[in-house]
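Participant: Annotations for this protein, taken from Swiss-Prot, read as follows:
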- 174-193: compositional bias 'Basic and acidic residues' (COMPBIAS)
- 194-208: compositional bias 'Low complexity' (COMPBIAS)
- 209-233: compositional bias 'Basic and acidic residues' (COMPBIAS)
- 275-298: compositional bias 'Low complexity' (COMPBIAS)
- 174-298: region 'Disordered' (REGION)
- 48-117: repeat 'LEA-like 1' (REPEAT)
- 128-197: repeat 'LEA-like 2' (REPEAT)
- 201-270: repeat 'LEA-like 3' (REPEAT)
Amino acid sequence: MFERDEHHFPVKRLLLLGALVGAGAYYLSREQNRKALDAKLAELGLKDAAQDVGSSVTKGWEKTKDAAQNAGSVIADKAQDVAGEVKSAVAGATAEIKDAGKEVADTAKDAGQNVGQNVKREAADLADQAKDKAQDVKADVSKAADQAKDKAQDVAQNVQAGAQQAAANVKDKVQDVKADASKAADQAKDKAQDVAQNVKQGAQQAASDAKDKVQDVKADASRAADQAKDKAQDVAQNVKQSAQDAKTDVDAKAKSWAFDLRTDAEAGKQGGQTGSTTNNAGTAGNTGMTGNTNTRKN
């Protein structure tokens, strides 16, 4: 009866399901597959996400393997316990029946009917105990199988959730990479526009500075020309003033010389009139001329 019930319980299917899930996780966690996946994702800049996927798959495989091992161990232990308990129950029942038979043989002479009833009652009790024990064992086996089934389902759900989470992480990583690339492109565009604007402003500022410099040079040249003109006028004025001063000095000296000559002439004339002889007068005249000459020289 126990073997038939055990065949009807889908333990093998659960083990097969666990083996399939474990095989799938193991296939995804193989070194060469991980390397190929890492190489491909490294080209896309998603190596960290791939490592997360590999880690999730590896953890799922470990959980699946542990659950399968635990389920197998529980079922094997429970089967051994059931076999031991059934064997003990049968051996106990046999021993008790044998003992009861001996007691019946010993007491048959005194109370045959009572012994028969006692033996029948004992046999019924033993049968009921064996039946109850078998039902308890069956319930324990069913409970252990249900626990193993629930454990396998939990592991499968965890593996599926881990795979979905890893896929979502990869998708989010791709979106982040695309967003970063778009942001970098926008920043580069803005930077180029800023550089162009700075260059344009620099050129305009340089042109304005050059224009201002030309205006400054023109102003300096005009100011220098005005200063040169003023300097020339000052020099001309000084020359004119010097010429006028020289002319004034010459006129003054000429007037002084004329006055001296006139004075000397008058003095000579007076000297000639007072002389006693013509020679003396001539001498005086000569002397006067000499004096006038000396005066002019002076």
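Every residue gets a Cβ built from N, Cα and C, even glycine.
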Participant: Can you work out the mean pLDDT of the predicted model over the repeat 'LEA-like 3' (201-270)?
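Facilitator: That region's mean pLDDT is 80.
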Participant: Provide the three-state DSSP residue tally for the repeat 'LEA-like 2' (128-197): helix first, then strand, then coil.
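Facilitator: Split into helix, strand and coil, the repeat 'LEA-like 2' (128-197) gives 70 helix, 0 strand, 0 coil.
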Participant: Under DSSP, the repeat 'LEA-like 3' (201-270) has how many residues in helix, strand and coil?
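Facilitator: The counts are 70 helix, 0 strand, 0 coil.
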